[in-house]
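S.K.: Following this message is one structure expressed as structure tokens.
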Amino acid sequence: SITSFYILHVKARAIIQRIKVATQLYWPRQIEDNQTPDSSAFSGDGNPKESSPFINSTDTEKGKEYDGKNMALFEEEMDTSPMVSSLLSGLANYTNLPQGSREHEEAENNEEKRRREGLAPRMGTFMGVYLPCLQNIFGVILFLRLTWVVGIAGIMESFCMVFICCSCVMGPGGSLGPEFGGAVGLCFYLGTTFAGAMYILGTIEILLAYLFPAMAIFKAEDASGEAAAMLNNMRVYGTCVLTCMATVVFVGVKYVNKFALVFLGCVILSILAIYAGVIKSAFDPPNFPICLLGNRTLSRHGFDVCAKLAWEGNETVTTRLWGLFCSSRFLNATCDEYFTRNNVTEIQGIPGAASGLIKENLWSSYLTKGVIVERRGMPSVGLADGTPVDMDHPYVFSDMTSYFTLLVGIYFPSVTGIMAGSNRSGDLRDAQKSIPTGTILAIATTSAVYISSVVLFGACIEGVVLRDKFGEAVNGNLVVGTLAWPSPWVIVIGSFFSTCGAGLQSLTGAPRLLQAISRDGIVPFLQVFGHGKANGEPTWALLLTACICEIGILIASLDEVAPILSMFFLMCYMFVNLACAVQTLLRTPNWRPRFRYYHWTLSFLGMSLCLALMFICSWYYALVAMLIAGLIYKYIEYRGAEKEWGDGIRGLSLSAARYALLRLEEGPPHTKNWRPQLLVLVRVDQDQNVVHPQLLSLTSQLKAGKGLTIVGSVLEGTFLDNHPQAQRAEESIRRLMEAEKVKGFCQVVISSNLRDGVSHLIQSGGLGGLQHNTVLVGWPRNWRQKEDHQTWRNFIELVRETTAGHLALLVTKNVSMFPGNPERFSEGSIDVWWIVHDGGMLMLLPFLLRHHKVWRKCKMRIFTVAQMDDNSIQMKKDLTTFLYHLRITAEVEVVEMHESDISAYTYEKTLVMEQRSQILKQMHLTKNEREREVRFPYPEKVHLTWTKDKSAAEKNKGPSPVSSEGIKDFFSMKPNQSNVRRMHTAVRLNEVIVKKSRDAKLVLLNMPGPPRNRNGDENYMEFLEVLTEHLDRVMLVRGGGREVITIYS
């Protein structure tokens, strides 16, 4: 029906109207413009969303963030705080590739390859951590020096050495801040660079000693010159090899990476050949005979038959060995006495694992330089003591003096390289799982190989062969190669390629490490080495690395270079373990190691072992390495360290500060420990610049960087409106503090009025027991001209509040005349006017000032005032004795102030002061009237340079604009006797001070306390003005109610 249709029509209109109302609540602008609402309408307050800190977010994703009414409550926060879903999505798409690697990939690879490599890393624990660690840990020491170490130290000591060195390296990492991080990073870089030099020297040693001895450029004329000739050959060939390797790294580092597995295969194949040879020697030992003369080992270079005589046909002939010890090849020749007395014996150099040789090689046999390698337990007819040994005879000599600590330094580089897995964290599928697992497995594997090698070498190889560093007794063969199967050449060639590969890896990694440190910006002078080629290759860093590596090459001795890099690696590992221990002990919330068996005691043990090994290896190298690290630390602390790393040192500082603050709460400091902890109150102008920077100069001169300093300021207004101004004021104050070398804190308070703000600073400054005990403030110079006179009221309230809080107060008058830090006083004095006892503040302040360069040449003079009944002579003696016990050097003078009649000048000055005060009270001035009050003639009479002539002249001035009744009351006033007495004291004391201290560089005197009756506050300011008239630099001192100086030290 029509009625029902009308009802439906009305309901439909009501529903449409409700929809419009609801729509206008969400899309008001689109409804007004007749636009269709869409997701872009959710713009909150209209701010653009392009600046939102979403990770990997697009415009479409940003728009989706605001879809849905259930998040409308958080629209205002969307500009600065992303949704959790957006954050997690961004983190999931994050690729942790270093910038240098990304640039190199973009330059070296095509578009398709870049897209393929841009995906998440796919390397697991075995390929990404385990094998790189093996390649870096196994190296030149295993093949060239481990047999010699076992022969010298014996199996027992070698076992302990290997166990200690393998135990001191720990895998986890942490942060000790940019200073420690930069120092340790550079030490790690230097260690890696010198490791490259060591590998190159090992390559040259294998080349010249075992592969191609004829390539030697320098030849020795006799046996004594062989060592020097070898060193020169090492320098020449080492420089050439270094140049070639650096060129290869510069031209194409990708070729080095491609051959990395080949070099690793050589290392593994060589180790397997050693174990195969050990197994074969148990039932079929190799034939490597050695020749002994008595118990002395002979070098095989000059003869072939190990005998003095030989049978040729039916006659006896001499051998080539005879010719080396005798004057001719005839039987009646004159021979060496030891050669004549002892027989020649030939024994097997590799008896095998079943020979029972392990008992003979169990203990050490340290040698001095130039001593012949002898076999223990072998019969020998010795010579008389002191008989010289001919170095031209074919003996095997010790080339250096050996001892346990030296062997530790030489051996330790063989266990370095555990950071290889950590350096590849960006290429790992699960770095948090792979790094500790792979590193620990690599350490366990290499430790097992080293420990088993120590035992097996001692069980299979003759002791004199082990102590023969260069294999002279076994025809110049590599000692470990004589044990290998199927041929010694497997070890020689394998070790040659492995050392070449290790050298290339060092020259590849060290420049990138230096480039990363340079790009961090923590060491400013290294920033030039952060640049390189267009593809990111560190050209300048490679050049510096090659130059440093050349230093190791010029040393030319593998045994001398190894302890150097041991120091740098040990320091690096020590600080890594220290970082882990500190983070754990501090319970840092973000330090959550995934390795379940980790405990801080392991890191602490590793750190202790590293530190001990540094001094065990070489105490002087350790001191030099620590000095280098310390200098780098201080340089970074002084010039760099601009980045916040969230380091453990900061957490340690917070923990130490908390502990110290709790200790300070136990009680007030003893007088011997008292020092002024300053709260410096400064004013800032409209541009938030400090009005009187001389206050901070005085603070620097007074504190010399010691104790607590808080620089505070107050801004009028509300916190919401004035917070940006407060931040600018803090920045301005901090810059000034840095310029004036004031070490302390800055605090800017926003308050509705200055009085409350200063009160808040005095009450809340500091933290716990670390609070200020002294307030330093400037004198309100223009306190008379202020339109509302609030300035001097605030100042007097400040004096009262410091007194109530038992705080000392220092007020500087004429602060603009105080010297800055660059100024120097070549002469003059600091005068102390000691009127009342204030706890010793007046004595302590000049003593502290004279420690600064500005006041150092100023002498200290102390004046005290004697009254009518005082014995001035005795007072001077007592004060001199007191200063002697205080160990303060100063001139003492007692000033006598006799009672005198109050002058008319004093009466008139008091009268003017009271008249001005009374007029202000009677007139009840409004703001506009107070502006007129500034032009009132009588207040003008109270002037800083008031004289009696001016007082007489003022009487002749015209009438004032006040009423006749006010003038009548004005002239009928009589001064208050209490004010007269106080003014009299101020005038008399000022006259004496000006007479004695007019030329003083600084005058310190007691500051009288404010009146208890607040009605006389304005009179108090006049008293202080009169007291300090005609003085250039004045510091009013008010003690805090406690003794601050004592005769006890």
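Using the three backbone atoms N, Cα and C, a Cβ is placed for every residue, glycine included.
Relevant sequence annotations retrieved from TrEMBL are reproduced here:
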type: REGION; residues: 36-64; note: region 'Disordered'
type: COMPBIAS; residues: 49-58; note: compositional bias 'Polar residues'
type: REGION; residues: 97-117; note: region 'Disordered'
type: COMPBIAS; residues: 101-117; note: compositional bias 'Basic and acidic residues'
type: TRANSMEM; residues: 123-144; note: transmembrane segment
type: TRANSMEM; residues: 150-171; note: transmembrane segment
type: TRANSMEM; residues: 183-216; note: transmembrane segment
type: TRANSMEM; residues: 236-253; note: transmembrane segment
type: TRANSMEM; residues: 260-279; note: transmembrane segment
type: TRANSMEM; residues: 400-420; note: transmembrane segment
type: DOMAIN; residues: 402-679; note: domain 'Amino acid permease/ SLC12A'
type: TRANSMEM; residues: 440-466; note: transmembrane segment
type: TRANSMEM; residues: 540-558; note: transmembrane segment
type: TRANSMEM; residues: 564-586; note: transmembrane segment
type: TRANSMEM; residues: 598-622; note: transmembrane segment
type: DOMAIN; residues: 693-811; note: domain 'SLC12A transporter C-terminal'
type: DOMAIN; residues: 824-1049; note: domain 'SLC12A transporter C-terminal'
type: REGION; residues: 949-969; note: region 'Disordered'
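Could you give the neighbours, burial and distances for every feature on this list?
M.R.: For the transmembrane segment (123-144), the list of distant contacts is 198-199, 202-203, 205-206, 260-261, 263-264, 267-268, 270-271, 410-411, 413-421, 424, 427-429, 433-435, 437-439, 441-443, 445-446, 449-450, 453, 478, 480, 491, 495, 498-499, 501-502, 505, 558, 562: same-chain residues at least six beyond its ends, Cβ to Cβ under 8 Å.
Only residues 6 or more beyond the boundaries of the transmembrane segment (150-171), in the same chain, are considered here, and those with a CB under 8 A from a CB of the stretch are 358, 361-367, 402, 404, 407-408, 411-412, 414-416, 418, 421-422, 435-436, 439-440, 443, 446-447, 450-451, 454-455, 457-458, 461, 463-468, 570, 573, 576-577, 580, 602-603, 605-606, 609-610, 613.
With a cut-off of 8 Å between Cβ atoms, the residues of this chain six or more beyond the transmembrane segment (183-216) that come close are 139-140, 143-144, 176, 229-230, 233-234, 237-238, 241-242, 245, 413, 416, 419, 470-471, 476-478, 481, 492, 495-496, 499-500, 502-503, 506-507, 509-510, 513-514, 516-517, 523, 545, 548-553, 555-558, 561-562, 564-565, 567-569, 571-572, 575-576, 625, 628-630, 632-633, 636.
Taken residue by residue, the domain 'SLC12A transporter C-terminal' (693-811) breaks down under DSSP into 57 helix, 26 strand, 36 coil.
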S.K.: Rank 236-253, 400-420, 440-466, 540-558 by Cβ pairs under 8 Å to the transmembrane segment (260-279) and hand me the top one.
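M.R.: It is 440-466, which has the most Cβ pairs under 8 Å.
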S.K.: Apart from its near flanks, which chain residues at least 6 from the ends of the transmembrane segment (540-558) lie with a Cβ under 8 angstroms of it?
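M.R.: Same-chain contacts beyond the ends: 140, 144-145, 190, 193-194, 196-198, 200-202, 205, 231-232, 234-235, 238-239, 242-243, 246, 249-250, 507, 510-512, 514-515, 518, 528-532, 564.
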S.K.: Mean pLDDT over the domain 'SLC12A transporter C-terminal' (693-811): what is the value?
M.R.: 86
